Amino acid sequence: MTSNSPPRPSPDAPFDIVGFDLDGTLLDTSGDLAAAVNHALASVGRAPLGVAQVKPMIGGGARRMLAQGMAATGGCDEATLDVLHRRLLDHYEAHIADLTQPYPGVLDALDTLAAQGARLAVVTNKLEGLARKLLGALDLTGRFACIIGGDTMGPGNAKPSPKPIYEMLARCGGGTAAFVGDSIFDIEAGKAADLPTIACSFGFLMQPVAELGADAVIDGYDELIPTLERLAR
Ligand SMILES: O=C(O)COP(=O)(O)O
Ligand SMILES: [Mg+2]
């Protein structure tokens, strides 16, 4: 091993690399994302959506979320969607961590995995710049060996493509890995990259968690490490 090789895990780490989705998995971003959707909707005279209505629209990027919000309130053409998407992103960037918090137990679980020697990564469908800004605002950036966004691998290469997952494995220096997420895109991307997958029942869930096809489901972060240990056996 050369002096600039990545740190090797201690024998305690269930996987060398643990990858996480961001929205609905590490962070409850639903309040700030719903506010950004509603800002865009209000600008064209649409009624606001409740946070519970917006949650299942999250996970495939902001444009898809907004398209669903517009569809739910009367429809939208592509040119209007382009304008409103920019408006949504500007509002979101200005209010990126007003309401957003890590889910209970996230920090303890990340601390434990890091102390065991695992390398931690974020693979989100958020634009990479916004993911970095949000993680920075919450003082979480330093916990992750890499942060990969929906635009990092270029157009058409966001989750459910396995490409951002392969990129995570490469940037983390390779090794055994598992992926944790809350949407079908996370589970499909993880499976396509041949990783064990864990679904978060507390996430934004586009469909019932049991239908995601994950290898395991956690109901809270106290279950993460025992679940990783079970999957690693
Ligand atoms: O849809 C988004 O903008 C991001 O969602 P993700 O972090 O759950 O991939
Ligand atoms: Mg998500």
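Just so it is clear, glycine is given a Cβ too, placed from its N, Cα and C backbone atoms.
Please treat TrEMBL annotations as automatic predictions, because they have not gone through curation.
Taken verbatim from TrEMBL:
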- ASP21: active site, nucleophile (ACT_SITE)
- ASP21, ASP23, ASP182: Mg(2+) binding site (BINDING)
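Sitting within 8 Å of the Cβ centre of ASP21, ASP23, ASP182, and not among those site residues for Mg(2+), are the Cβ atoms of LEU22, GLY24, THR25, LEU26, ILE58, GLY59, THR124, GLY181, SER183, ASP186, CYS200, GLY203, PHE204. The secondary structure of ASP182 (Mg(2+) binding site), as reduced to three states from DSSP, is coil rather than helix or strand. If you take the Cα of ASP21 (active site, nucleophile) and the Cα of ASP182 (Mg(2+) binding site), they are about 7 angstrom apart, rounded to a whole number. Over all protein chains present, the Cβ of ASP182 (Mg(2+) binding site) has 30 other Cβ atoms lying within 10 Å.
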